[in-house]
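What TrEMBL records for this protein:
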| type | residues | note |
| --- | --- | --- |
| DOMAIN | 94-704 | domain 'Major facilitator superfamily (MFS) profile' |
| DOMAIN | 490-545 | domain 'Kazal-like' |
| REGION | 45-67 | region 'Disordered' |
| TRANSMEM | 93-113 | transmembrane segment |
| TRANSMEM | 133-152 | transmembrane segment |
| TRANSMEM | 164-184 | transmembrane segment |
| TRANSMEM | 224-250 | transmembrane segment |
| TRANSMEM | 262-288 | transmembrane segment |
| TRANSMEM | 308-333 | transmembrane segment |
| TRANSMEM | 378-400 | transmembrane segment |
| TRANSMEM | 412-436 | transmembrane segment |
| TRANSMEM | 448-469 | transmembrane segment |
| TRANSMEM | 584-602 | transmembrane segment |
| TRANSMEM | 676-699 | transmembrane segment |
Amino acid sequence: MNHRMDSGHVNIGFSASEEFDGSIHFDTQHYDEIDLGVKETSGHDLGRAAEGSDGRDGPADKQRSNADEDSEARCGWCFFRPLFLQRFRTAKWVLFWLCWAGAVQGMVVNGFVNVVITTIERRFGLRSSQSGLVAGGYDIASFLCLIPVTYLGGRPGASKPRWLGWGILVMGIGSLIFTFPHFAVGPYRGATHHASTCNVITNSSSATGECADSQQGAEHHASYMWLFLLGQLLHGAGASPLYTLGVTFIDENVSKKMSSVYLGIYYTTAIVGPALGYVLGGQLLAVYTDYLSVDPTELGLTPNSNVWVGAWWIGFLLAAIMCTILAVPLLAFPPALPGAAALRAERVSEAHGNSKTEAFTKIRELPRALGSLIVNPTFFFLNLAGASEGLLIAGFAAFLPKLIENQFSVNASWAALLMGLVTVPAGGGGTFLGGYLVKRLSLHCAGIIKFCVVATLIGVTFTTCFFLSCPNLAFAGVTKPYRNSSSSRYSLDSSCNADCGCSRTQFDPICGLDDVMYYSPCYAGCTQEISLRDTKVYTNCACVNSTDGNLTKFLEEAEGESALVHNFGSYQAMNQMCESQCPYLWPFVVLVFLTMFFTFLSTMPALSATLRCVQDDQRAFALGIQWIKVRLIGTIPAPMVFGALIDETCILWQESCHEDENGACLVYDNEYMSRYMLALAFIGKAASLLFFFLAWWFYIPPSGFKEALQAATPTSPDLTDDGASSMPSILMNGHANHVTTISGDT
């Protein structure tokens, strides 16, 4: 053995016949002249240290290094790989762009789509089961793409960033296709100004004409649903690499200790995305859908009108542009970052049990790879827990705004804003805190699963929020009889509107001053309509049982309206929703916040446990299998199950000219809707609790895990994001070794 001084470092070499006995022998006579060369090592240093024991590159090493740098290991596109881009070849920049990609994906799929569900139902006459199919299209495509994407993208040598970049581009195409129905359907007919008052003369002719128009429109509406579904399928296909290959790419390029923090940040931005989608999408719904060609004030429409349709399509155009921009930097990253090999060497496996599996790199070996995961009970029950959680998250993400709209009688814009305000602190905060606690408490696999059990148990208690149910608004002929009606059976027809010739195809609800909703001015028996800026009021309403309201307050700032005050002077109804007197809105929001917080608190720990309970070379494939189960059992059926149950609570359907089908639901039974949601929430959370408990019960740490962990602790560098050590170290034989205090007399 020999050692020499070189640039302030101790460099130790061994001949072929020598063995390292685990100790370093110093020349005590020259001890004072030796500088240990203490320095901070980064991920780049670790990569270079593996090339030579003296920290320098020899001629052959330099040639290999230059060859590698000129290959796909450098940042760039095709043959364009400039030197200035190489400074961005770090885990921090990967995380930065993946956070943006995850945020945009969440904003579109879990934000915009869920916000516009009610709007496109109204615009295109879809039922909740049909809109549920559209919402589930994302998970259907993701399910079909997960196995090929994770298996091919997770193989050694495959470029995960390339899969991610092309996936984001496909998602942008899906967003663009999602907007096509708006441009294909033409102006919104439902808001076209037409006489809807009581008029015996227009009895049968108007109804026949309207039926012909609606029949012509309904023929096209079916095809528009398939365009929505196609856009969602492309969303799902494009996003399939994000939370499989994206997660493993981050995990491969940071230390195990920092992995949970990085993934916590990643998943937190993925939660912020839907929140941004709810807030931005809700504000866009306050803009009229045909604002470029139609002034809604001329139609007497406001966002509070029941027939209002907002500009749902603008958000998807913005998303298509953002996806195209984000694909460019993601496609530039190399298959692996500097220092990834050294980080792999430092890992201690926590895979379930004692079995070791070889790497599966060929398609024909896929069944064996799948079999090795299926027999892992901890992995199996973690998948089931993820599926039950996914069912709840997907179902409520799609229909919770609809529930808020109907239970508390608020418009779509305000319901979306409330969802956004809840999602940011609850979902984002819970996800980040869960990842941070795993690192802060230094939890290993068994401890992480127990943490998930506790968080889920607390979350079960807050599902009681769905006990808070508001009574339906009084709706003449639907939830209460007309005044002076002797019949016990609810019907829209009454003696006060019997001679008006009203049509059920013309839904234009109004609120009378008696705080009762009416199907239309015609069904309220109103004979006169007055347009006042963005509001319409009605007079001479035979079915409204109240004193007249003062019309002057609507005309205080208007010019040339004195004739209206002189001729009418009062009104009995207006084209707005009646105000709900239910006091449960804010208690409901608080309880939903707590339920969501503890649900997402276990998201990052469950992901960390999944990555740790399988072999390192199977993590990408394991995540793919997990997402398949989550989608197949949870997120794919969730919107359709929720939509079907919500349809069961409908008490008033919009009539269609087709005898065998109805249009969208107009009025829901609030009590039954609340009970159905309570049952789904409680059963889903209880199932998650059971599966997390079984995952912990059946987990068996690998033999020798504690000994290996103790042996690795004093010598393994406490690596930060890019492999940077927070402790002094020296480079020896291609590894970074911590320097401890040297004591003793020389």
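Glycine is treated like the rest: Cβ placed from N, Cα and C.
Keep in mind that this is a model prediction, so the values were computed, not measured.
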* **Two-stretch contact, the transmembrane segment (308-333) and the transmembrane segment (676-699), at least three Cβ pairs under 8 Å** => no
* Structure fact -> Secondary structure split (DSSP) over the domain 'Kazal-like' (490-545) reads 0 helix, 19 strand, 37 coil
* To do: Grab the same-chain neighbours of the transmembrane segment (262-288) for me: Cβ-Cβ under 8 Å, and only residues 6 or more beyond its ends, written as numbers and ranges.
  => 91, 95, 98-100, 102-108, 110-112, 114-116, 119, 243, 246-247, 250-251, 254, 294, 296, 301, 303, 308-312, 314-315, 397, 401, 412-417, 419-421, 423-424, 427-436, 438, 600, 603-604, 607-608, 721
* Asked: Counting Cβ pairs under 8 Å that are 6 or more apart in sequence, does the total for the transmembrane segment (378-400) and the transmembrane segment (164-184) reach three or more?
  -> no
* To do: Among 164-184, 224-250, 448-469, point out the range having the most Cβ pairs under 8 angstroms from the transmembrane segment (133-152).
  => 224-250
* Of the listed stretches (93-113, 164-184, 448-469), which one yields the highest count of Cβ-Cβ distances below 8 Å with the transmembrane segment (224-250)? -> 164-184
* Structure fact -> Model confidence over the domain 'Kazal-like' (490-545), as mean pLDDT, sits at 82
